[in-house]
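**Student:** Per Swiss-Prot, the features are:
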BINDING   S113, L114, L115, P116  (6S)-5,6,7,8-tetrahydrofolate binding site
Amino acid sequence: MKKLNIVFAGTPDISAQVLKDLYQSQHNIQAVLTQPDRAKGRGKKIQFSPVKEVAIANNTLVLQPLSFKKDPQVLEQIRELKPDVIVVIAYGIIVPQEFLDIPKYGCLNIHVSLLPKWRGAAPIQRAIQAGDSKTGICIMQMDAGLDTGDILNTLEVEIQDTDTSQSLHDKFAKLSIKPLLETLENIDTIKPQPQQGEPTYAHKITKQEGLIDFTKSAKEISCHIRAFTPWPSAFFMLEGEQVKVGDFEILEKSANDEVTAIIDITKNGFDIATNDKIIRFKQLQFPNKKMLNIADILNGKDLDKYIGYKIG
């Protein structure tokens, strides 16, 4: 089996899982690129990225440029390593053409959509939000564009009706190593394929997008909630307060149930009418509170006054 010298670039959990799996292969990880350490939490403690934690555990050189313009010496450090290939997944820093030109086989990006669909920052969320039944993993030869490079390998992944962005993220984290290792094994003979079809773009998520529109269908709302779980969380406004939603189910609606109205509130759930069904929320999170089952909320809060209230 072919043994390649690899520089790895990534930052969050999904990248860390791929890196862990790559360490279990025959390939040699020469260095790891990841974003600079950040101060996080109330105590503003410095935290390493998940990728840096994995690299340190495996005694690998870690490079953390703020950017390649501000830290151009990092490019020279990578050149000196003479990597066969650079593997990139969710690195989060723009790389210049001279970075792409360093390795013998170029730079491979692991992108979690079936390109050219959902190019950009939030392919997992946008695929669920759109109601797609399938998505996938593309191993792409990086070029100067935004996810525009030729495709070297793909793996289709089904989107279940219960999938959230978190569950789909976790699937991708486990599955990404398979098409990557296949690509590395066949890198001398694989024929890059130009992307086919009309591109769509997965624009960055904003917190405000979590707001639920109950005039839509229950299916659309289900996709919306699952797309924005766990972040930024789907929510509705109740008398000026933001209420985040948790677990839910879809029920049949009566002809006299008004769209956007709160139909009923019992220990079983908080029922809101959409344009075709009822969504029963089994969990809600009121401001400055934890996410709780409706039965637990009712133990300390009177919600009956909201029956008949129209959302939005």
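In case you wondered, yes, glycine gets a Cβ from its N, Cα and C as well.
What you are looking at is a predicted structure, and each value in this text was computed from that prediction instead of being measured.
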**Student:** By a simple count of other Cβ atoms within 10 Å, which of L114, L115, the binding-site residues in the record, is least packed?
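**Tutor:** Ranked by other Cβ atoms within 10 Å, the binding-site residues L114, L115 bottom out at L114.
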**Student:** Near the Cβ of P116 ((6S)-5,6,7,8-tetrahydrofolate binding site), how many other Cβ atoms are there if near means within 10 Å?
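**Tutor:** Result for P116 ((6S)-5,6,7,8-tetrahydrofolate binding site): 18 other Cβ atoms within 10 Å.
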**Student:** Can you check what DSSP calls L115 ((6S)-5,6,7,8-tetrahydrofolate binding site), collapsed to helix, strand or coil?
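**Tutor:** Where L115 ((6S)-5,6,7,8-tetrahydrofolate binding site) sits, the three-state DSSP reduction gives coil.
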**Student:** Can you tell me how many other Cβ atoms are located within 10 Å of the Cβ belonging to S113 ((6S)-5,6,7,8-tetrahydrofolate binding site)?
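**Tutor:** Within a 10 Å radius of the Cβ of S113 ((6S)-5,6,7,8-tetrahydrofolate binding site) lie 25 other Cβ atoms.
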**Student:** Within 8 Å of the centroid of the Cβ atoms of S113, L114, L115, P116, which other residues of that chain place their own Cβ, given that this set defines the recorded (6S)-5,6,7,8-tetrahydrofolate site?
**Tutor:** H111, K117, W118, R119, P123, G136, C138, D147, Q195, P199
